[in-house]
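Q: Okay, handing you the structure first.
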Amino acid sequence: MSTPIRILGIDPGLRHTGWGVIEQSGARLVHIAHGVIDPPTDLSMAERLGHIFEAVGELARHHAPHAAGVEETLVNANPRSALKLGQARGAAMAALAMAGVSVAEFAPRQIKLSVVGTGTADKDQVKFMVQRLLPRAGEMKLDAADALACAICAAHHLPLQMKRGAA
């Protein structure tokens, strides 16, 4: 039996940053924990980013992941929103880097394809499949489901990246 690899998935957001931790042992995936980081709404932008940075750093210290998967930011019709989302993503990635965690980035379409089988799945379909793949995870918010989906995607792709020395 192979040594389990612990993976932290992050679904970044300024209001809600989802996170999920799984372990992969061979083809088997096991749920460890999940949740949502909710910075107080009365904080300034810089304070929210600091809150995300601190919380993700604490998750990395507490769960000691071998690797992390972070969802990439898509630039949509609202570039201002995409920029803000990118800042939250940067805060999370910086916290992971400071904790010495290898980070892999995945496009939303790639995550959905890995978990649901189609890159156009909606959030409810992703949550449904995450709960099927990780039955011990129980009930969760959509942001946590997206983060667990990112961790599952990382589990599917990290072995190949580790062989290449990219992770």
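Keep in mind that glycine also has a Cβ here, set from the backbone N, Cα and C atoms.
Okay, these came from Swiss-Prot:
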type	residues	note
ACT_SITE	Asp11	active site
ACT_SITE	Glu71	active site
ACT_SITE	Asp143	active site
BINDING	Asp11, Asp143	Mg(2+) 1 binding site
BINDING	Glu71	Mg(2+) 2 binding site
Q: About how far apart, in whole Å, are the alpha carbons (Cα) of Glu71 (active site) and Asp143 (active site)?
A: 11
Q: Need the DSSP three-state call for Asp143 (active site) to compare against my parser.
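A: Where Asp143 (active site) sits, the three-state DSSP reduction gives helix.
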Q: Would you pick out, from the active-site residues Asp11, Glu71, Asp143, the residue whose Cβ has the largest number of other Cβ atoms within 10 Å?
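A: In terms of Cβ crowding, the pick is Asp11.
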Q: Can you tell me the CA-to-CA distance separating Asp143 (active site) and Asp11 (active site), as a whole number of Å?
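A: A Cα-Cα distance of 6 Å.
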